[in-house]
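Per Swiss-Prot, these features apply:
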- Asn6, Arg17, Gly214, Gly235, Gln236: 3-amino-2-oxopropyl phosphate binding site (BINDING)
- Asp8, His9, Arg44, His49, Thr99: 1-deoxy-D-xylulose 5-phosphate binding site (BINDING)
- His42: active site, proton acceptor (ACT_SITE)
- Glu69: active site, proton acceptor (ACT_SITE)
- Glu150: site 'Transition state stabilizer' (SITE)
- His213: active site, proton donor (ACT_SITE)
Amino acid sequence: MKLGVNIDHVAVLREARKVNDPDILNALYVATQNGADQITIHLREDRRHIQDADAYAIMKYSNVGVNLECSINRAILDIVTDLKPHRTTLVPEKREEVTTEGGLDVVGHEDEIAYAIELLHDYLIPVSLFIDPTIEAVEKSKELGAEMVELHTGAFANLYAMLSSSLPHSNHSIKELELPRHELSIRLEKSILAIDEAAKHAKKIGLEVAAGHGLNYHNVHEMMKIAEITELNIGQSIVARSIFSGLGEAVKEMKRLTSR
């Protein structure tokens, strides 16, 4: 399994005080020295964490592939085509969201996504689409010309957390998931099945398959059971763990959990 370490949240901490501490390049170095197979960053339109200068520096100094996440905004795409990352993952984006809330609407925004893919391909940049784990979204991704899909695991992660963590007893409990445990268990199994079926179908029609969003040290084993998934992109949980263990140890432990 290929482990993509998302270092956005290192930049979140830096931007909280508008200083160069922690240094994003230090995070890049430590992550790659301790098992990261890929570095993932999200260059958002609102620049809430990763800045343009970060993206250019990471592209310059990374000795592993860089997976750059971005929206289909033309101004952002112009920067991406200049950066020429090893891969671009197109993601949905809303300014008011705390984090990416769902997969790309590959049907509703078909023309805009097709244009973005064509533009990136003109610069020889492979494209992945961040999609909800449905057969329809997988098939549309193939039709649009993407080489890869990243299956959005957020719904799975939320259900897992409400069943198996202290989340229900915190201020961040997910109100719509405050359900009896047996109902949560049924929904969790359905979410895992949806990811499994989407991954198998994607592989069958010639797409590479990644997964990400909300994956952590407690739930990642479920994704490891799906052979068609060959890449996981994980960020917040690694950076959160690093507060207590150090970034190097946090990356090493996740690499151990995601090794086949």
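Heads up, the Cβ atoms here are built off N, Cα and C, so glycines get one too.
Positions of the features from Swiss-Prot, shown on the structure.
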residue	record	DSSP class
Asn6	3-amino-2-oxopropyl phosphate binding site	strand
His42	active site, proton acceptor	strand
His49	1-deoxy-D-xylulose 5-phosphate binding site	coil
Glu69	active site, proton acceptor	strand
Glu150	site 'Transition state stabilizer'	strand
His213	active site, proton donor	coil
Gln236	3-amino-2-oxopropyl phosphate binding site	helix
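Calculated from their C-alpha atoms, the gap between Gln236 (3-amino-2-oxopropyl phosphate binding site) and Glu69 (active site, proton acceptor) amounts to 15 Å. Ranking the recorded positions His42, Glu69, Glu150 by the distance of their Cα atoms from the Cα of Arg17 (3-amino-2-oxopropyl phosphate binding site) places His42 first. Measuring Cα to Cα from His49 (1-deoxy-D-xylulose 5-phosphate binding site), the recorded positions that fall within 10 Å are His42, out of His42, His213, Gly214. When the binding-site residues His9, Arg44 are compared by the number of other CB atoms within 10 angstroms of each CB, His9 has the fewest. For Gly235 (3-amino-2-oxopropyl phosphate binding site), applying a Cβ distance below 8 Å and a minimum sequence separation of six or more within one chain yields Val5, Asn6, Ile7, Asp8, His9, Thr40. Counting only the Cα atoms, the space from Glu150 (site 'Transition state stabilizer') to His213 (active site, proton donor) is about 10 angstrom. Glu69 (active site, proton acceptor) and His42 (active site, proton acceptor) have their C-alpha atoms 4 Å apart, to the nearest angstrom.
Highest local Cβ density among the recorded positions Asp8, Glu69 belongs to Glu69, counted as other Cβ atoms within 10 Å over all protein chains shown. Geometry remark: His42 (active site, proton acceptor) versus His213 (active site, proton donor), CA distance 13 Å. Here the Cα atom of His213 (active site, proton donor) is found 16 Å from that of Arg44 (1-deoxy-D-xylulose 5-phosphate binding site). A distance of 18 Å separates the Cα atom of Gly214 (3-amino-2-oxopropyl phosphate binding site) from that of Arg44 (1-deoxy-D-xylulose 5-phosphate binding site). A 10 Å cutoff on Cβ-Cβ distances gives His42 (active site, proton acceptor) a total of 24 other Cβ atoms nearby, all chains included.
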